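Colleague: I have a structure here, written as structure tokens, and I will follow up with some questions on it.
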Amino acid sequence: MGMLEVRELLCERDERTLFSGLSFTLNAGEWVQITGSNGAGKTMLLRLLTGLSRPDAGEVLWQGQPLHQVRDSYHQNLLWIGHQPGIKTRLTALENLHFYHRDGDTAQCLEALAQAGLAGFEDIPVNQLSAGQQRRVALARLWLTRATLWILDEPFTAIDVNGVDRLTQRMAQHTEQGGIVILTTHQPLNVAESKIRRISLTQTRAV
């Protein structure tokens, strides 16, 4: 039994099948990239894995239990960062981290922002930051979260090369410690092929 299991998922949108018969199992320490053409359903699959959307058929299980039966404990073990940063634009970068990680002290939050490349921007309201900087505020949570499962939709959007390398290193560290990372990205990952498992969506199945 894996940590996260997908059984025979069917997803249809606007009378079109995005994927069907989709099944896979993820174990502790796995790093997975969901690939596929535009419109293949990559973001929708991530939403199904988070429980934000429901499949037309099939189910997702966490530690052997359907998500709807373990929703609270699952979400405690999940960090989801979608296309939108999901941050409070009227708060500063530091205030955002305090909001999402109330058990993190100021020193930890400052270190997380520094790791994300935001040293010197801690006290600036997020609505005054660039798109890339706003993305970094959300991604700074990777240095604070205790969640086992990270699901990240295009995390490198508007991030420069150095930032991508730093984030990639953090993801590698998380999987080496037994965590699971699932992401979509159009950018090449600068890591050994052996470390990445790729699930490619086609119209009917995953390869």
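Using the three backbone atoms N, Cα and C, a Cβ is placed for every residue, glycine included.
Since we're looking at a predicted model, the values are computed, not measured.
Straight out of Swiss-Prot:
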type    : residues                               : note
BINDING : G36, S37, N38, G39, A40, G41, K42, T43 : ATP binding site
DOMAIN  : 4-207                                  : domain 'ABC transporter'
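Quick one: where do these features end up spatially?
Modeller: All protein chains included, G41 (ATP binding site) registers 25 other Cβ atoms within 10 Å of its own Cβ.
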Colleague: Please compute the mean pLDDT of the model over the domain 'ABC transporter' (4-207).
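Modeller: The average pLDDT of the model in the domain 'ABC transporter' (4-207) works out to 94.
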Colleague: Setting G36, S37, N38, G39, A40, G41, K42, T43 aside, what same-chain residues sit with their Cβ within 8 Å of the center of the Cβ atoms that define the ATP site, listed in sequence order?
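Modeller: Close Cβ neighbours, site residues excluded: L18, L201.
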Colleague: Quiz question: given the binding-site residues S37, N38, T43, which has the greatest number of C-beta atoms lying within 10 angstroms of its own C-beta?
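Modeller: Of the binding-site residues S37, N38, T43, the highest Cβ count within 10 Å belongs to T43.
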